[in-house]
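**Q** Structure below; questions to follow.
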Ligand SMILES: O=P(O)(O)OC[C@H]1O[C@](O)(COP(=O)(O)O)[C@@H](O)[C@@H]1O
Ligand SMILES: [Mg+2]
Ligand SMILES: [Mg+2]
């Protein structure tokens, strides 16, 4: 073997200075998240072979969106992986109006997990990359649990964040505030093995990633940025329709991802607490930037669990170019 095989749970333990109960809890939690990821990856690998892996459930989720069979499966996979472990007191999910208690009587001092169980689910029926996004918070002791007030914390309070990407290989990327690290699932071992650490986002990249089908609905600043990249050499367009996959490319190779608000929906489409904030946490840990266009994503104090937010995220220089266009500057970053 050419190099040390470092598993996810050992890596998490190494991130802590001593072998404390907290370190063990985090290691165990990441391990259970990884287990949910393995279940989802296995199911996705059977798409087209088994019933129920493709298509819709016929239900509409809390977002008012059509729920896919895999959205439902992925949500249940996280619940199954975490229930009875005592590691997480509440699970907030894109697929559930109110958080699940895991288990019913668990202590409130435990952690809360927020997830987009399957991001980019419209990609599934075309056999394209999707992912799961997660964020870990400690409920605030001085805030009431009623209406989940204790969970409505800015993204800077996240204790950990990450995602699992179901692509040509299955990858888990995470941070506990000490850099960003990536693991690849070795199917023969059934373990996530360290593959890149630490990940640093280049100061600038060539990719811009946004759904240009909405061009007419954007404000002038965003339209100006798009006109600017069309005129300029050195930009190339990539958009997969799965935020987590588009973000992963930019995290590794640089560039900028945008999902702006529109005139009709200024808040945009993406969810703050389990899409934008965890990816913003990773972006900043890797040296990048995440903003709504007017404020840092990580500074936003959420008003509700399922709040939406515009997102501009990626390499420092590319994000500055977008901000310059939003401010009407004729000369974006050189
Ligand atoms: O089709 P659009 O409007 O470009 O939206 C794509 C965006 O919507 C999302 O699919 C929303 O995620 P879900 O699949 O979790 O609902 C993002 O992943 C993606 O960036
Ligand atoms: Mg999503
Ligand atoms: Mg989803």
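Please read every residue number as a count from 1 along the shown chain.
Every residue gets a Cβ built from N, Cα and C, even glycine.
Pulled these from TrEMBL:
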type	residues	note
BINDING	94, 116, 118	Mg(2+) 1 binding site
BINDING	116, 119, 275	Mg(2+) 2 binding site
BINDING	119, 120, 121, 122, 211, 239, 257, 258, 259, 269	substrate binding site
DOMAIN	7-196	domain 'Fructose-1-6-bisphosphatase class I N-terminal'
DOMAIN	202-326	domain 'Fructose-1-6-bisphosphatase class 1 C-terminal'
**Q** Which of the binding-site residues 211, 257, 259, 275 has its Cα closest in space to the Cα of residue 118 (Mg(2+) 1 binding site)?
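**A** Result: the closest of the binding-site residues to residue 118 (Mg(2+) 1 binding site) is 275.
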**Q** Among 94, 116, 118, 119, 211, 275, which binding-site residues lie by ligand 3, judged by Cβ under 6 Å to any atom?
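**A** Only 94, 116, 118, 119 qualify.
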**Q** Among all the protein chains here, how many other CB atoms are within 10 A of the CB of residue 275 (Mg(2+) 2 binding site)?
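**A** There are 26 of them.
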**Q** CA-CA, which of the binding-site residues 94, 116, 275 lies nearest residue 259 (substrate binding site)?
**A** 275
**Q** Whose Cβ, among the binding-site residues 257, 259, has more other Cβ atoms within 10 Å than any of the rest?
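**A** Going through 257, 259 one by one, the largest Cβ count within 10 Å is at 257.
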**Q** Within the domain 'Fructose-1-6-bisphosphatase class 1 C-terminal' (202-326), count helix residues (DSSP H, G, I), strand residues (E, B) and coil residues, in that order.
**A** 57 helix, 20 strand, 48 coil
**Q** Express the distance between the Cα positions of residue 121 (substrate binding site) and residue 94 (Mg(2+) 1 binding site) as a whole number of Å.
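**A** About 12 Å separate the Cα atoms of these two residues.
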**Q** I need the neighbours of the Mg(2+) 2 site defined by 116, 119, 275. Which other residues of that chain put their C-beta within 8 angstroms of the C-beta centroid, in sequence order?
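**A** For the Mg(2+) 2 site, the extra neighbours are 94, 115, 118, 120, 131, 132, 133, 243, 244, 270, 271, 274.
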**Q** Might you list, by sequence position, any residue in that chain lying six or more from residue 119 (Mg(2+) 2 binding site) with a Cβ less than 8 Å away from its Cβ?
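**A** Result: 130, 131, 132, 133, 163, 242, 243, 244, 275.
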